[in-house]
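Copied from TrEMBL, the annotated features are:
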- 1-30: region 'Disordered' (REGION)
- 79-113: coiled coil (COILED)
Amino acid sequence: MLHSQKLADFSPSSLPIQKKNKSATAAGRADKDDNMAITIKRFEDILKTELAAMRSEFSSHMTTVQNMCSKVDFLIGEQREQKKVINEHTGRLDALEQQVIDLQDRSRRSNLRLLGLPEGAEKDDPIGFLKRSLPRWLPSLLGKDIEIERAHRVYSRASTDHSKPRVFLFKLVLYNDRNLILNEARRHGPVKANDGAMLSFFPDFSPATAKKRSSFSIIRKELKEAGLQTFLQYPATLKIVMKHGETKLMHSPDEARRFLSSMPSTHSPEMDVA
């Protein structure tokens, strides 16, 4: 009887405090789960909102980038067209420049430049002075009627030494007379004035052509030292005459120098005497 009473004291119905604690714990867990679910939902909403904003901003940036790419493509196309136009204009400009150079050379084709004539030798009658002096300088011209259109002194832009006599420039009426004087000056060289001054006759070219021709000066000296004869053809082509009569045409000083370097050494004492 006593044992049964003790068991009755420990039955579930006899433990109301323990049942209440379990109920409170379950309720607390339920509240925590609800709060966590609410917090997670809140974070999900925030993330969705932020992600939507980022998508919208990215879409806006993509639109901007696409517009910029379109403009860049347009500009590249325009640049290509501009390059074509510039190349066409450059080609036309080069052609026009060459035409101007050719016209200048043609207008000077009957001119001769006389270097070394003492200053003031012609006095006030340069044309008469030349007509009287040319047969004395070049005896083969004696008796020939050389017609001179005009004559005057000019300064050379390349020279800053004003103590040297200025270039004496004269224009002949006939182109054949110009060639005759040049050929006779080469044949009679060196040509001397009455006072012993050394005279040199040169064709008159445009500045552009003269610059191209003068660029061959150094290599021509080197070729002469190697025993080769050279001539300059118009406008600026170097003609090299080999010892056996063969000719070579060089269109630039570098090309002529490469040709000279490729030749076997021909230096000899007989060449020094010559």
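The chain as shown is numbered from 1 upward.
Every residue gets a Cβ built from N, Cα and C, even glycine.
Computed from a predicted structure; not experimentally measured.
Among residues of the same chain six or more beyond the coiled coil (79-113), those with a C-beta under 8 A of the stretch's C-beta atoms are 149, 167-175, 177-178, 181-182, 201-206, 208-209, 234-235. Over the coiled coil (79-113) the predicted model carries a mean pLDDT of 95.
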